[in-house]
Amino acid sequence: MDGIASDVAVGVKRSSDELLSGSLYNSPNSSVTANGSDSKKLRVEDSMDSPPSRVIHIRKLPNEVSETEVIALGLPFGKVTNILMLKGKNQAFLELGTEEAAVTMVNYYTAVTPQVRNVPVFIQYSNHKELKTDSALNQRAQAVLQAVSAVQEGGSPSSDAAGESVLAPAPSPVLRIIIDNMFYPVTLDVLQQIFSKFGTVMKIITFTKNNQFQALLQFSDPVNAQQAKLSLDGQNIYNSCCTLRIDFSKLVNLNVKYNNDKSRDYTRPELPAGDGQPPVDPAVAAALNKDSTSLLGAISPLSAAAAAAAAAGRVALSGHSGTNGVLLASNLNEEMVTPQSLFTLFGVYGDVQRVKILYNKKDSALIQMADGNQAQLAMSHLNGQKMYGKIIRVTLSKHHTVQLPREGLDDQGLTKDFTNSPLHRFKKPGSKNFQNIFPPSATLHLSNIPEDVTEDDLRLLFSNSGGTVKAFKFFQDRKMALLQMSTVEEAIQALIDLHNYDMGGGHRLRVSFSKSTI
């Protein structure tokens with residue numbers, strides 16, 4: 001293991017006022033303080049300098065950490081295929097099933113400080129491409145790994161897992177969730193988006209008991225409930241507050257009678273909204289002993305969306321809309337990029353006000369969003385994505401506004417003001433677009449399709465954007481459809497080219513990323 005020290009660290013440089021405690025949605029931080037006597041700050045370098053590997057090197061682990069806790073760091077991102085614990089050095093190596101899963105994990109933890117037992121740990125790509133472990137020396141770790149794999153694949157975990165009770169078979173698809181230290185209100189939609197990372201959420205009931213906000217949440221499969229509990233129990237939704245306490249419920253099925261902001265059955269969208277707190281069946285009512293205390297208020301839609309998006313896969317929310325709304329995008333393809341293409345892509349996550357491609361550094365641009373939450377949301381989803389063949393970097397800029405060129409000065413079209421653009425997706429309060437913010441994916445959601453447009457028309461249109469259409473599916477009313485490109489990069493390109501495309505007859509095609517697959 002001589003190569004350990006040469007692994008390149010990842011992270012983002014940030015000012016000292018952003019060194020916040022770890023949570024599901026915390027601000028990116030610039031450095032992690034070492035354990036023990038080593039008090040100097042670790043140097044944090046750009047993840048793009050290090051070649052990706054499916055082996056992740058984890059350092060500065062707390063003493064006596066268990067294999068399960070280390071595996072839980074990688075579990076939300078895909079199958080964990082091997083683990084090597086170096087307990088004397090407070091280090092571990094985690095091998096994921098695919099390089100793509102490892103890249104997603106590193107991108108996420110580049111901006112959200114990973115924590116084990118409330119201690120920040122340091123994550124980077126290893127220079128090992130796979131782990132070769134001595135099964136005799138690594139027996140306990142392998143037993144735990146097999147148990148987790150069995151749970152992930154729906155089987156029964158091995159009894160050799162050294163008494164790790166956390167890996168016992170899931171008794172129920174229903175989780176009971178208590179929110180401790182609820183400094184900010186938590187909505188049903190935020191819970192749905194956090195937990196849907198782990199599987200299909202079918203039903204949620206929220207209530208207040210003993211002045212504590214609680215929820216019952218039902219997955220389609222107990223295995224998904226097991227994974228969610230393993231990864232999320234004890235995590236904070238926002239910085240240093242709104243801690244999730246998760247247990248299995250004694251109930252195995254929830255009976256939801258109303259779809260509103262207190263309860264939801266995602267399998268039965270036709271349910272009425274009801275009045276006030278919805279009634280639930282007697283078994284649930286007895287279990288809840290509900291009272292009439294309501295939530296303190298509502299998170300603004302974009303805050304909730306940013307928060308939920310963070311849990312659903314990438315990066316996080318600062319918790320304050322007062323943060324800077326200007327982003328710096330770098331490593332752009334300067335031959336291809338335009339203010340309009342950046343407006344379209346970043347406009348998926350907020351209302352872009354101005355874009356300036358830098359005159360002396362045309363592979364970089366400043367993008368001004370409507371507020372800090374939108375900037376965080378765009379950064380979280382677009383940092384590390386491929387645009388025009390290059391992996392782009394997105395960070396918060398030190399600028400607070402994008403200056404327009406002086407009157408009469410020709411800046412070659414590098415700066416554009418979109419303040420009054422009719423294409424802003426989020427200018428209408430309560431717009432459904434707030435609920436449909438998803439990470440870039442190969443599957444696109446199309447809407448506003450004219451009646452006379454066929455599947456072949458759309459396949460041809462999207463093939464012409466330079467990609468391959470793998471699958472297509474019309475919704476029942478044929479005004480909407482799902483279309484799957486062969487890669488996320490192709491889908492990004494198609495969205496840039498074809499969002500707002502004139503389909504004739506006053507129909508402008510609307511294109512978004514979808515969480516669904518075909």
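Our numbering is plain: 1 for the first residue shown, then up by one each step along the chain.
Cβ atoms are placed via backbone N, Cα and C, with glycine included.
Computed from a predicted structure; not experimentally measured.
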Out of 20-50, 392-422, which range is noted as region 'Disordered' by TrEMBL? 20-50
Counting only pairs at least 6 apart in sequence, do the domain 'RRM' (325-399) and the domain 'RRM' (442-516) share 3+ Cβ pairs under 8 Å? yes
According to DSSP, how is the domain 'RRM' (175-251) divided among helix, strand and coil residues? 22 helix, 34 strand, 21 coil
